[in-house]
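Worksheet for the structure shown next.
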Amino acid sequence: MTGPVLRGDSLTVERGDSTILADVSITVEPDTSLLIQGPSGAGKTTLFNVLGLLSTPTSGSLYVHGDDTSALPERKRAVLRRDAIGFVFQDFQLIPDLTAWDNAALPQDHTRSRDEAWLDTLFDALDILDLKDQYPATLSGGEKQRVAIARALANRPDVVFADEPTGQLDPETAERVLDLLFRVKDQTDTALVVISHDPTLSDQFEETHVLIDGSLRRKSDERIPQ
Amino acid sequence: MRYATALLSRWSRREWLSIAVVAVTTAFLLGAALLLLTAATYTGTLSSDLSSSATVSYEQSYDDAVATASADEVVIAVTTVSLPDSETRRVVGIPPDAPRTISGASVAWRAATLPRPPSDGVSGPVSTVQQVEFVGPDNAVSTTVSPHRVEETLFPDSWYVADTDTVQQLGASGALVFDTGSSGAPSAPTSVPLIAALPFLAGGITQVVRTLSVAAFAGGLLILVVVYNVTKMSIRDRTRLIGVARATGASPWRILAILLGRVLSLTFVGVALGYALGVVVTNGVVNAATYAGLPVSLQTTVTPDIARSLLGISAFLLVMGLLAGVLAALPVVRGDPRFDQTHRATGRWPQPIRRFQAVASPTLVDWRAFTPTAATLAVFMLIILLTGSIGGALAPLATTSSGTVVESGAAHPLNSRIDESYATVLRSYGITASPEVIYAQTRGRTPYLVRGANYTAFSSVTDASLVAGTAPQRADQAVIGTDLARTLGLEVGETVTLGGSVTPGVRRVTIVGAFTGSGVTNDQLVVPLETTQPLATGPGTVHLIRTKNASSRLASLQNRSSGLLVTSLSGPSEVQTNATYRFGATVRNLGSSTATETVTVSVGNRTLERDVTLGSDESTRLSFETRFETAGTYELATDGVTRSVTVYRPNTLQLPSEYPTRAPPGSTLVVPATTPNESVVSGVTVTLDGRRATTNDRGGVPIRVPDEPGTYTLRLSKDGYVAEEHTLTVERGAPQRLGGRLTVSPSTGSRLTNPTVTARVANPWGRFLVRNLTLVSPGGTQTRTVELTAGNVSEIELSASEVGLGDDPPPGTYDLRLVVNGTVISTATYRVTGDERVAATLSSRGEYTEGTGIGRAIENVFGNVQLLFVVLVSLAGLSTIGGTTATFAQAVHANRRVIGIYRATGASRRRVLALLAADAVRLAIPAAVLSFGLAAALLWALARVDVLVVFGIRLAVPFTPLLVGVSALGAVCLAVCSAVIAATPFVRFDVGRLLHR
């Protein structure tokens with residue numbers, strides 16, 4: 001596959017009189033890792049929603065595989081969310097009435113055909129095979145996070161978005177989760193976009209952007225060579 | 001903004017939606033209540049001159065009745081005696097100090113008079129004074145019976161009137177206790193008003209209001225469900241606010257109070273809007289109906305009494321809203337403060353249950369929606385079942401096979417007075433007809449319907465069939481519908497006391513049989529016409545005539561609303577073949593407006609048509625021409641009027657039919673030679689016993705009768721003509737009578753036809769005759785002397801009024817005779833048909849309607865009852881949709897995050913909606929089963945305690961497979977539609993908003 005997976009062009013989101021995102025442009029290449037940093041209130045979650053096709057920007061265009069999504073009907077946007085994008089939400093967003101396994105299989109269920117072997121691979125890789133029949137209420141934060149990662153990868157997306165994946169975890173668990181994310185990214189050729197306020201993360205990512213007051217700046221010059 | 005303000009304010013779309021639902025529910029309830037209560041007030045003003053508080057009750061023991069009677073009660077001893085002809089009769093004993101009239105029971109047209117016994121003996125239904133032996137329960141008494149005084153009393157004429165002593169001597173079997181009602185003391189449970197019409201209406205309305213309270217309860221339940229759900233959503237949106245407020249020390253009761261303030265203001269706005277809407281919409285419907293020309297006699301005015309009732313209902317609804325608020329708010333003010341919605345953990349179930357759960361459990365909503373769904377659907381079921389039961393009860397009123405004829409222009413069947421004999425008219429046309437009296441009756445506090453009717457006729461126009469006992473044989477016997485027997489607790493063999501309907505009176509009837517029938521038929525007491533007429537309509541008159549299977553006949557006439565009718569056909573009765581036959585049809589417009597119609601006359605197998613336009617009450621004669629090619633008898637027919645024409649070949653000779661067949665020897669006969677249409681033929685050879693003569697140019701010729709007695713042949717012949725032969729018997733002493741022919745034209749007519757009578761007398765003898773000619777007709781006997789020279793003919797024409805047929809003769813056969821010197825020489829018959837066209841006339845002015853009298857009554861009281869019914873049922877439907885929508889909106893709202901996850905992970909809107917619809921089905925099926933059970937149980941319980949009895953009519957829920965199927969399907973559809981409506985905003989929201997709100 002050639003060309004960027006995702007390209008945002010002059011994305012602007014306004015709520016009432018205030019501008020949450022101002023003219024944000026961003027490109028996500030295949031199989032890269034990208035970190036978006038920013039302090040609280042910078043518009044990180046809004047950017048996450050816009051890039052993940054969860055919200056529609058006030059203006060600007062978002063291209064997935066070079067196709068402009070701004071004119072797409074909701075039906076096609078849903079297909080893109082299902083097949084091209086995976087999410088790891090800040091608060092995991094697991095459905096309490098479903099088991100870990102069924103939660104992870106949710107994106108596959110939208111197509112009504114489960115690829116159990118792939119789920120098995122994912123659960124194995126994430127080391128949660130023995131938790132598959134448990135309900136979210138009985139899982140720890142790190143376990144929930146791993147189920148959420150499995151769900152994000154269930155349909156072999158081209159890009160995975162993770163919103164503060166370590167925000168609710170203790171440093172040790174956070175590190176393990178991040179490692180897992182990178183390992184899975186490497187195994188599945190998926191681009192990884194992580195949104196976080198944690199300034200210590202940037203050294204692991206190929207690209208880092210900083211979002212301040214709705215404006216995005218590339219931080220490549222500050223990147224620490226490995 | 002202070003947090004209390006934040007909790008109280010910010011009404012979103014769903015708050016306004018809930019206000020709308022509360023308003024619609026309130027409007028529905030208040031609109032219905034307003035109509036019914038206005039109807040109650042209306043009947044009150046309508047019947048102000050019928051108001052009477054006097055009652056009568058029957059006591060088994062005369063002595064006890066006397067002992068317990070209060071000052072304003074009049075006790076009259078009653079007993080039953082056997083007469084010598086083994087008939088049993090009632091005798092009443094009037095105490096000497098009894099008042100002349102029962103005060104308070106008299107109406108303008110009839111005083112409530114107590115009869116007075118004659119000074120000597122008793123009075124009774126006899127024409128002359130006679131000595132009669134009465135055999136009473138205790139003793140036999142021989143007494144003088146004189147005719148009743150000429151006065152109308154409270155008792156029927158068939159009862160004997162004696163003094164108390166006489167009755168006690170015979171042995172009193174009971175007592176009638178009249179309570180003038182002036183004391184205001186409560187009356188006995190079986191007491192009967194002397195004039196029952198008003199208590200009947202008032203009692204019925206009370207029952208309606210009681211039944212309405214069931215609807216109010218259902219409405220309250222709906223409001224509870226809606227307000228609960230909406231409040232739950234508002235609270236969920238403010239979980240954090242409430243949690244923080246409580247965490248920082250706000251008192252739970254203060255928060256509860258604030259939340260209830262929110263609920264109360266929401267419900268109050270809804271109820272207030274609904275109050276206005278209910279009153280305005282109802283007035284609007286009534287005004288629109290009036291504007292459209294419907295016979296609405298209601299004026300919806302909110303009097304203080306009505307306002308009190310409406311405010312009562314409103315207050316009840318407000319309380320239900322408040323209760324909903326408490327239910328929704330209590331969880332967040334009890335226990336620990338919460339900042340976020342919590343999810344209970346789903347337990348681990350064994351594999352088979354989990355598999356079942358996977359199929360049966362909803363995906364996007366949870367089971368907490370079940371209770372409100374079941375409650376709303378129970379209301380929905382209740383509405384369907386109630387509608388079904390009302391429909392079942394009223395079904396006999398709306399059949400198309402039966403119809404009702406009432407008086408022209410009567411605003412209400414109770415105002416209608418129609419001649420009982422019209423039924424005979426209808427029956428003569430093969431239409432089953434039952435003349436009936438609507439007789440309002442109340443027993444204790446229970447109003448019920450009595451129908452004055454001949455049971456045989458009644459059962460022929462309804463589906464009533466006897467299940468016990470026999471049909472009434474006497475005026476004081478009655479049959480009861482099984483449902484009514486249950487409602488009143490009566491059995492076959494019991495005797496009941498009836499009061500008057502609109503005229504004060506007392507009757508005692510014994511129930512000799514029980515019948516069943518569908519719907520309201522089963523809720524009536526059928527009492528012979530002659531018993532009910534004096535106290536309702538008057539002798540010989542009824543309120544209405546019910547018909548069966550007349551619809552196609554009468555309705556086809558009814559469709560001709562023009563009112564144009566052919567009243568007669570006129571023209572010669574004979575005509576030659578191929579000659580022009582001219583005849584006329586007299587047409588009258590009986591309608592109230594100018595009308596145009598095509599009059600069609602069938603002649604043999606041809607039809608002739610002529611257009612005619614006539615103003616109201618105008619009439620004209622239309623001319624028709626036709627020709628007949630072959631000889632024979634033809635019938636002209638139009639609109640039920642017929643006339644026959646004899647067509648003959650032209651060249652036929654004929655003697656008049658009345659030409660003498662006997663003659664004295666040696667007399668002279670004048671032979672008239674004519675064709676059948678009586679045109680004279682000259683040059684005809686007449687032979688009789690060898691004598692021969694030829695007719696002159698006036699067609700006649702004298703011929704001498706042979707001297708020898710015997711039988712001869714009189715022969716008329718001419719070349720080119722068919723000869724005529726006439727047998728003549730010559731005998732001594734044969735009279736020389738005039739020939740006479742009496743004709744009535746037409747020979748059959750309706751009450752609207754004016755026939756003409758023609759008396760034609762001919763002198764066939766060869767000498768001058770003077771005779772006395774007498775015409776005997778319904779109008780009397782008319783005699784005149786006629787003088788006729790030899791061979792001469794005289795015709796006398798008489799109009800209908802001259803022979804007594806002019807003034808609307810009742811249906812029947814009328815004979816006319818022409819008598820000469822004491823001998824009948826000709827007779828004629830005129831038949832007045834019981835008239836289909838009379839019914840047509842009735843129908844053309846709208847007096848005939850399909851359905852029955854009570855249906856009409858309802859229609860007249862409520863104007864267009866169907867319209868209101870539809871409006872009310874739609875409002876109820878809207879309320880239930882609102883209720884289920886609120887329920888599902890709440891359920892979806894509670895799980896909006898799950899919907900967000902589904903959508904974030906790529907589920908399309910359609911898939912989300914499909915999942916929700918499937919959830920709705922999963923919830924609705926058990927909820928429908930439960931709610932059907934609840935509604936059915938509620939109705940069953942209500943029926944057990946007689947709440948579902950209105951005007952004595954027992955509403956029974958018809959659990960037909962169709963009704964069950966429709967309600968189940970309706971419930972599921974309702975749930976699915978509501979779920980989709982409720983979910984639509986959530987699938988339109990940005991996914992991000994769903995996840996992070």
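We count from 1, first residue shown onward.
In case you wondered, yes, glycine gets a Cβ from its N, Cα and C as well.
What TrEMBL lists as transmembrane segment is B:212-231, B:263-286, B:306-333, B:377-398, B:867-892, B:913-942, B:962-987. What TrEMBL lists as domain 'ABC3 transporter permease C-terminal' is B:214-335, B:871-984. According to TrEMBL, the feature domain 'PEGA' maps to B:678-738.
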Same-chain residues near the transmembrane segment (B:306-333), Cβ under 8 Å, at least 6 residues beyond its ends: 22, 25-26, 29-30, 33-34, 37-38, 41, 209, 216, 219-221, 223-229, 231-232, 235, 239, 242, 246, 252-253, 255-256, 259-260, 262-264, 266-268, 270-271, 274-275, 278-279
Tally of DSSP helical, extended and coil residues in the domain 'ABC3 transporter permease C-terminal' (B:214-335): 103 helix, 0 strand, 19 coil
Tally of DSSP helical, extended and coil residues in the domain 'PEGA' (B:678-738): 0 helix, 30 strand, 31 coil
Outside the transmembrane segment (B:962-987), six or more residues from its ends: residues with CB under 8 Å to it: 13, 365, 373, 377, 380-381, 384-385, 388, 880-881, 884-889, 891-893, 896, 899, 903, 909, 912-913, 916-917, 919-921, 923-925, 927-929, 931-932, 994
Chain residues in Cβ proximity to the transmembrane segment (B:913-942) (below 8 Å; excluding those fewer than six residues from its ends, i.e. six or more beyond): 214, 360-365, 367, 369-370, 373-382, 385-386, 389, 888, 892, 902, 907, 948, 957, 959, 964, 967-968, 971-972, 974-976, 978-980, 983-984, 987
Per-residue pLDDT averaged over the domain 'ABC3 transporter permease C-terminal' (B:871-984), given as an integer: 81
The domain 'ABC3 transporter permease C-terminal' (B:871-984), counted residue by residue under DSSP: helix, strand, coil: 93 helix, 4 strand, 17 coil
